[in-house]
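S.K.: Sharing a structure with you now.
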Amino acid sequence: MRGTDQVSVPITRPALTVSDKRELGGYQTPPDDGVVVRCRRYVRKQLTCSPSDVRDVVSKRIPILGLLPNYDFRSLLIGDAIAGLTVAILQIPLGMGFALLANIPAICGIYMAFFPVLVYAVLASSQHNSMGAFAVITLMTGKVVNEYATFPEGSPGAPGNATAFLASVNATASAAADMPVTYTPVEVATIVCFMVGVWSVVLGMLSLGSVTVFFNDMLVSGFSTGAAVHVMVSQLKDIFGIKVTPFSGPFKIIYTLSDVISKLPSANVATIVISAVSMFILSVNNEQLKPRLAKVTKIPMPIELIVVIIGTAVSYSINVHETYSVNIVGEIPTGLPMPAMPPFSLAAAVAVDSLVIAIIAYAGSFSLAKIFATKHDYEVDANQELYAMGIGNVISSFFSCAPMAAAIARVLIQDAAGGMTQVAGLVSAFVILWVLLFVGPIFEVLPKACLASIIVVALKEMIMKVFDMIAMWKVSKVDSMLWTVTALAVILIDVDLGLLIGVLVAISVLVVRGQHPKITKLGQLPGTDIYADIGQYKKATEVDGMVILSVEGPLHFANRDNFKAKLFKGSGINPVALKKERMAEAKKNPDYSDDILKQQIKYLVLDCQGVDACDAPAAKYLARMHGVYGAVGITLCLASVSDDVMRSLEVTGALATITAGRLFHSVHDAVTLLRADNTPTAEEDIVSQF
């Protein structure tokens, strides 16, 4: 509604135009140095560094060197030690299970709990991330392994015969000249790990830590749910004890499910019993015991390790592999693996897949790092995280490891157990080292069904992200559609292509949203200098003689037409149509020109506080709109204009049309000065010339 008895609300300072504000604040135009000058300044800064600068750089690139001299052993060591021990216990079963997702021996998952964790603890800026094997990353690695590795049945390359399998990595191939080059699964996994590390370092060197800007929460949630479905389906063969035909390409998950269903009559009953009991124990703990135990202690029950120990004990006592044909982990060697070169001849072939894995691993890991850095009030360096993950993967690739990533379960447990620094990661690594040296062979008779059950139950949280989409539907149907498209694309097409589709849809959503700046009509709240949306605030009243519109979003060449249409609709005045009507009326009524000056609306004020960017074409378009409205006696004014937008107006010459007297510090400044302004409006200027 339009106010009739509006009272001007005085402001405690003089009302200001933008020119007044600049003069009062001593505004200085920022220098435009150019690329050459900036490069010279950067080189000069790098060459004139003091010893203290060198120490700062070293501490920044190797954060552990800055942590240890100031480490408070009395207040931090106990928490870090307990957290490291707890995470190490969790790493053993999950690492072994996730390694099987990558189609490499289970022992490689324990290697991944040592080598990358050790390097990451030294180089990371995050104090709470816990690295190791992660379901989504090992699943994507397994896809590459399936594509390039050779799995001859009963050969050293067959999963299960771990000693011969790993020994084959160190052996020198002596094939005949006419025989094609073959790669073992571990070799393929290690070259993927190496290339993921290389890509991460390159992204860090290019300062592309913000590459995950297009991975919004709904995209990540949809991708995680879709990938979790793939992981769950991949575990069905071990849950039921059946052999499943490997499929690839679009709809492979449907073909796999169809194959699983067709082979259920031949499922191994003993394997099903082991799976059912394992999942029951894990579920009861997660749903009943875990919440109650959390009220008593921060240290969670290591239920996964308990299931592994029970499964190993039962398997050993009744020899389930020989008696009931239950698949077991197989031989696990003791000690550390001998360093071996990844097959660099395969580097080019896996480069693209490795880049996708590197981005996804970094996106998830850095998101967790930011969450816990915010919780504990410290900063994480995006590029340093890339360096830490990259160097960690490069080094680990020489020790039979697949790519690493942070996992939400490990990070939550490390934080809940009292871990405050990466010393917890060092403790975890040394506990794993002890396991590798002395304990590994104990798990040789562990049924694979136990590991599959651990993975399936652990996926519940990722599957339940479907409720994110349902909740978001009430807030933003576009974001819900992004979740749905990403999840379905990942499930039905493939993990990497599904992610690409999700990213493209997310970018499209950004482009579409950028095409439509939001324009709302504002009114003054009674007795205040506050202006609010009249559609949402019933007491907000329009200012007599003015239309005030709020503009939110960037203005650029691509959304000029949408901006004009919304401007005409929001103001309720189409100056082009109005001018034609007046010209037609003037032909009928020669005295109509006197009525022009009696129109009710004389000012159109645009609140530009929400305009964060305005390119040159859009700035010129604003000047054009000033002329279009001016032709019908309405003066276009701008309020709350940022310095960046002002520079665009200055550079493009728009201020020659939109004069300084029509640019205001705020909406209320505009209302106050325009009410007191006795200068003629744009059309009055035109009419007075005749």
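Any Cβ shown, glycine's included, is placed from N, Cα and C.
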S.K.: I'm validating the feature mapping. Which of 305-324, 605-624 is tagged transmembrane segment in TrEMBL?
M.R.: 305-324
S.K.: Would you say the transmembrane segment (451-473) and the transmembrane segment (76-94) are touching, if the rule is that at least three C-beta pairs must lie under 8 angstroms and be 6 or more residues apart?
M.R.: yes
S.K.: Please report, as numbers and ranges, the same-chain residues at least 6 past the borders of the transmembrane segment (419-439) whose CB is under 8 Å from any CB of it.
M.R.: 63-64, 67, 71, 76-77, 79-85, 87-89, 91-92, 110-111, 113-114, 117-118, 120-122, 124, 126-128, 130-131, 334-336, 376
S.K.: Summarise the domain 'STAS' (536-674) by DSSP state, stating how many residues are helix, strand and coil.
M.R.: 74 helix, 26 strand, 39 coil
S.K.: Give me the stretch from 100-123, 188-215, 266-284 with the greatest number of Cβ pairs under 8 Å to the transmembrane segment (386-413).
M.R.: 188-215
S.K.: Taking the transmembrane segment (188-215) as the reference, which of 100-123, 266-284, 344-365, 485-512 gives the largest number of Cβ pairs under 8 angstroms?
M.R.: 344-365
S.K.: So which of 100-123, 266-284, 344-365, 485-512 is most in touch with the transmembrane segment (451-473), counting Cβ pairs under 8 Å?
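M.R.: Top-ranked stretch among 100-123, 266-284, 344-365, 485-512: 266-284.
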S.K.: Restricting to the domain 'STAS' (536-674), report the mean pLDDT as a whole number.
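M.R.: Here the predicted model's pLDDT, averaged over the domain 'STAS' (536-674), is 85.
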